[in-house]
Amino acid sequence: MPVLKFTIQTFLFACWGWTLISLVLLSSFTFFLFNICLASFMFWFLVTLGAWILFIVPFLKFIYLPYRKRQWQEWTAMNNAKISMAFFHPYCNDGGGGERVLWTAIDAITKNYKDIRIVVYTGDCDYTPERILQRVRERFDMNLNAHSISFIYLKTRWLVEAKYYKMFTLLGQSVGSILLGLEALLRFVPDIYFDSMGYAFTYPLFRYIGSSKVLCYVHYPTISTDMLERVTERRITYNNRGFISNNIYLSKLKLYYYKLFAYIYGLCGKCSELTYVNSSWTKQHINQIWSTSNRTHLVYPPCDVQSFLAMPLYDDNKRQFFTIVSVGQFRPEKDHELQIRSFHDLLQRIPERRSQLRLLLIGSCRHEDDRQRVESLRTLVDNLNLNDVVEFKLNIKFDELKTDLNQAMIGLHTMWNEHFGIGIVEMMAAGTIVLAHNSGGPKMDIVDNQTGFLAHDLDSYATKMRQIIELSNDERLRLDHRRPFSLRPADIEFRQEYGSVVVRIGRTRVLAQTSCKIVKPKETRPNEGRLRILLKNIHLLSFSFDAGRQSQWTTTLSRHLLQNIQDSRCVDMESLCIVAYEHVWEIVITLNVLDYDGNMLDCANIAALCALSHFRCPAVTIKGFDVYLHSTSERNPVPIRILHLPIMITFALFENGEHMLVDACDAEEKVMEGLFSVGLNQHKELSCLAMLGEISLSRDQIQNCITLAHGLVLDLTKLIRNALNENEKLHAKQMILKEQDKPKILNK
């Protein structure tokens, strides 16, 4: 029995071994044969594809498209136009900032260039042109001429939707955009192709095959250096999944994929003959990837602030709720989840104010993915027990949006590396205090310490929201959280040469330089010197209430400065007389605006007064009819006699003078309705009253301004005198040290 059992086992083992070897050999042969067939198939597939491309591209380039282009040119001429301009915007019916750029550009072209026919490539096949333009009227308050715009409906828009590419999303969408662009090119061949959504892979099609001029407006680069850094640092985000970021090999593979994609993206971007970008952040990245800095221009997107500015500021004393509002499409990169979680954290910190706080999420949904995203956010709100304090508003009309923004206290924005942020500007114009992400366009172009708050994570967002809520009404009124009648810190820096001083108020800096020369006096004032004030470099100055030319503003402001200083008789003009009727000193003060952030007039006035007080004229000797000038080594120069300091205080006026504030920053000046400047000294003697704008003030308002200005004048007078005294002490100390450093002669 044992022998039989062993024999059977040996036989079965041999059969099993033979079968295994046969399967391995058969599998190897099959795999080898399959690879040979696959390689052959791929080879012949690529050969066939190349052959078709070699046939189709010349056919399209030289036969079909020129024929179609002639047909469309005839159609353009029939519509009383010479040039056709096609905008590639597959999602033109959405209500986001990109669509505002599209329709504003079309509106400007149709109004200014009657010989250009506008065509829009759109994938909104379910909407008629009338419904699309009606949506534009409701969302953006724009009335477009329907007869000057034609729509080309594209059937393959689904090729650029991210939901169909769970892996290699960028590559899939880019290849899809090529096919979508090919459909657009076959449907209509324009003279000028304008991509307003950032589909750079379509540019070679229209430039080299369609022979069209290619222009583009880039809102957000398809790939940026920040995305490469994020993959390198293996950070988890919505487009860098955890299983990739947690694996070093997958992260390296994705990094190589991104670098190759960025290289191809740059080649396609170079096909654009003129590139516009919407922010400094976007321009920086486009220049790095496309290397087209010589033809890339920064054009900020249109922001409809006038309709928001027309609304009166909401009275905080009448406010029942502290509303925190967010405006933005419900896309993953907008990070609405961070808004909800940071709001929940805020309620945990101040539970006693829960009944007063509300979070309002306003946005549009483009497609089913966005609607599903909203549902997931609603689920999050329910899980955090926030149903009673969080509200969603989808696809609302423009009038309702204005009302909601006007009544809100805080404007919330959480997108990392937002390219610009039209919604942020609209929220600021409506009077909300903006809290944005500390990155991208908001950080570089819109929000700073004077125009809002910045945060970067859940904790900092909750902290900043609490800080804003706990501000007083007066602090909340101003962008930099000062009280209405408080000044920014002023700094006076005297230079080495006499009469040279830099004065800084906030971030506004003015350099004053003083010179003198001997001239003949005026016939009407033979024993008085002369004074001139020159104001330069005010090209950054602009007031919304009066779009005057820069030369007009230079003349007007220089006249007010001269009136305040000369007509107030603060300078003893007779002390500038050398020989009556013959020789007097002419003092020239040149004021150069170095940096501008509002209230240039007050800053320039202080600079002029400091320069005059600091300046020294050369000593002179009169012998007969001759006047001899002495150098500083021969005789000490002579100071100008200053009798008092007339200081200007400028009030920014709002809502027909009902609201006013002093020392307005640049952002506040852009929305004010007028200026009222008061010049007076510490003794409350008036030297100048100047009004800019079309606002009239009552006698009581003027008297109130004078009273408020006098208190500020006393503080500034003290500041100027202290600065002059400190400079005098420093100069005396330097003279002593200079005398000590002279070589001494020792007696032998």
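Cβ coordinates are placed from backbone N, Cα and C, and glycine is handled just like the others.
Annotations in TrEMBL come from automatic prediction, not curation.
As recorded in TrEMBL, the features of this protein are as follows:
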- 12-36: transmembrane segment (TRANSMEM)
- 42-64: transmembrane segment (TRANSMEM)
- 84-290: domain 'ALG11 mannosyltransferase N-terminal' (DOMAIN)
- 164-186: transmembrane segment (TRANSMEM)
- 322-476: domain 'Glycosyl transferase family 1' (DOMAIN)
- 487-618: domain 'Exoribonuclease phosphorolytic' (DOMAIN)
- 644-710: domain 'Exoribonuclease phosphorolytic' (DOMAIN)
- 713-740: coiled coil (COILED)
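Among the recorded stretches 84-290, 322-476, 644-710, the one sharing the largest number of Cβ pairs closer than 8 Å with the domain 'Exoribonuclease phosphorolytic' (487-618) is 644-710. In terms of DSSP helix, strand and coil, the domain 'Exoribonuclease phosphorolytic' (487-618) has 36 helix, 52 strand, 44 coil. Mean pLDDT for the domain 'Exoribonuclease phosphorolytic' (644-710) in this predicted model: 86. In the domain 'Exoribonuclease phosphorolytic' (644-710), the DSSP tally of helix, strand and coil residues is 16 helix, 27 strand, 24 coil.
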